[in-house]
Amino acid sequence: MKLVRFLMKLNNETVTIELKNGSVVHGTITGVDMQMNTHLKTVKMTARNREPTSLDSLSIRGNNIRYFVLPDALPLDTLKMMREVEAAAGVGIAGEAGGVEEEDGVEAGDSDLCSLCTGFLPPTIRQLLSPSNAELCSPVRVNGWVKSVRRQKNVAFAVISDGSSERGLQAVFTDPSLTRQLTSGTSVRLDGILAQSPGRGQDRELRVDTVEVLGKSDQTTYPIQKQALPVEYLRDHCHLRARTDGIASMLRLRHRASRSLHNFFEARDFCFVHTPIVTSNDCEGAGETFRIASPNIHQQQTPSTSPDADEFFGKPAYLTVSSQLHLEAMAAAMSRVYTLSPCFRAERSQTNRHLSEFWMLEAEWAFTETVDDVCQIVEAALKHVLEEAGDLSPQSAEYNEQVPKLLESAKLTERWARITYDEAISELAKFHASTRKFVFEPAWGRALQSEHERWIAEKLVGGPTFVINYPASLKPFYMRLNDDSRTVACFDLLVPHLGELVGGSLREEREEHLREAFNRHGMNQAEYDWYLDLRKYGSAPHGGFGLGFERLISWMGGIDNLSLADDVLEERRPDSAIDSDGGESVAEEDNDESTRPSAIPVSMAMWDFGHCDPRRCSGRKLLHLGLIEELKIGQRFRGIVVTPRGSQLVSPSDREIVLQHGIAVVECSWARIDEIPFRRLASPHERILPYLVAANPVNYGKPWKLNCAEAIAAAFYIVGLHAFADSLLSNFSWGLSFWNINK
């Protein structure tokens, strides 16, 4: 007779089950269903407090207790299992696909918990730190990377991280010699006792008995020595930046936000679908697509005069700019569909609102007839995610500080505001007429710029705002024309501190109106015959939206500078790739705003002494973008000249001088400042460089060591031209960081 006793902990309840040749002798637990199949000799335990899609279950199979099964979906943070083998029994562990059966006559001996766990994933640090997931004073094994090491005479400490938690696990070494090979970045396996920690800021610690170094890290060359590193520096080491606390936190936030959105759509019976990445259509009709090229391996063998003879697919093909058209086709059969997939835009923009590659959550559904119906779904989806912000957020001090502000500005208990484009333009025009604070003058028929969007969400409304019914000339061809024949049934959702977050519309379901839209936009209808077929065969009213996922993460993370969310993506920008040097762009698509740098109606100039690396020279970049002119040495400038050798402070009284004559700066190396002939840089309005802290990657964190862009922006801000300052710095990924560290 063979007897196996299992001691389990499930949802903080314990149960003892004794099996004799597969028969259950005893086993009860509050809140858990237990089912036994006498034919299969199986007992199944299921926790009743979980949804059917994520049941906790454990099956113990008979047949001489040869093996039992732990389903892959079983959350180990709710189950702690220990066993005693009181008589020799062959035991193994496997996933649902099958057990590790042993041959007849081969029996396993005694085994402890660690050897028992070899068939499934061991607990993570997040699971170990949770009070409900592991017992104190129990032996555990921890795998991870060393974040830091502190050594004292009789004890040493190390913080170990495996990426599962925003907090690392503190490891305590009563024998400091165990840490001799431990350096930042080293991968280790530690065995010890999980115990209550007497220190502040942590409940548990690992008291280490043995250390195994799995992979060493050379401290003389390891780039991630500090946690507080500038974005530009991390872009030079993008393959390692997930090891920083900030990037790791954002990765976890992306995961949890996407999971929350999937749950939202699942609960409303939407079908998650996969749409093509390679397509022959331009969804937006803007021509900003990446064309796919391949080596012409057939042309020599099969000469042809056809212009598409060398195309791999027989005609031009592109990386998709949006999944919307394909989603519409699926919605015409499945009613409700959505996807979360990558999109690509060939926009040569260096602003913080554009990416060449980004992720979009897009949804389409049939039988919806008003813009407000679509807005309600968007509002409900975002509130669903934000209501879980306490669970979704990484527990870093920076993020915790932002979450209350986010929830307050999100107005979760109120219906989000709706205003028309006409009303928005009217309010913008009134404000601009009285203040002249906008760089771009608002007018009907013009796109809303970033400064307009943020003013509406932050000042006019003070919360998320749907702007509806834009002019048809500003929007893509597929949006439904309103009865006034001037506007289309669409919306943009604007949120504080970010601007546009979501765009959506009713889709034009009327074939004749769609054909007219093709003509208005100068499009080739033949390329969209399949799209017109959707209107010929059972067309129905329908609508949908697109949500830029990087923008959502930036908003949820309370990040003014979108570069952190962008870095999580390991971005593609016009002059960058995953393993290249950094660039400037940090957000995703924006159909309404020009991809060229915004012109500032003030003269800007510089004297360039050629000291700096052109690739990192802010003055050279501004010159390349056409935002600044280069002066000859000795050439006089009538505006204010900002230099380290100026005699007066920049002040608000300089505003009129700046508006009339502009700002000039000196482009040179701080290490060679004594070589500059400041007497030859003539101006009647010399001003000393503002005493602010630099955010540029060359002199990050250093007081007064501003570069050209920072110096000009600081002067703009001091004289009251805030919009000009923001517009100038939007061309640099670190631009908003300059304001953040100088508040």
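Quick reminder: no glycine exception, Cβ is built from N, Cα and C everywhere.
Straight from TrEMBL, the features:
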- S618, V666, L689, W704: S-adenosyl-L-methionine binding site (BINDING)
- 2-74: domain 'Sm' (DOMAIN)
- 251-574: domain 'Aminoacyl-transfer RNA synthetases class-II family profile' (DOMAIN)
- 574-597: region 'Disordered' (REGION)
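Shown on the structure are the features that TrEMBL records.
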residue : record                               : contacts (Cβ under 8 Å, 6+ apart)
S618    : S-adenosyl-L-methionine binding site : N696, N707, C708, A709, E710, F732
V666    : S-adenosyl-L-methionine binding site : M606, W607, F609, T643, I676, F678, L681, C708
L689    : S-adenosyl-L-methionine binding site : V642, T643, P644, G646, W704, L706, A711
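DSSP assigns L689 (S-adenosyl-L-methionine binding site) to coil in the three-state reduction, placing it in neither a helix nor a strand.
With a 10 A radius on its CB, W704 (S-adenosyl-L-methionine binding site) counts 14 other CB atoms from all the protein chains. Under DSSP, V666 (S-adenosyl-L-methionine binding site) is assigned to a strand (E or B) in the three-state scheme. In this entry, S618, V666, L689, W704 make up the residues listed for S-adenosyl-L-methionine, with the farthest two CA atoms of the set 16 Å from each other. Over the domain 'Aminoacyl-transfer RNA synthetases class-II family profile' (251-574), the average per-residue pLDDT in this prediction is 84. In the three-state DSSP classification, S618 (S-adenosyl-L-methionine binding site) falls within a helix.
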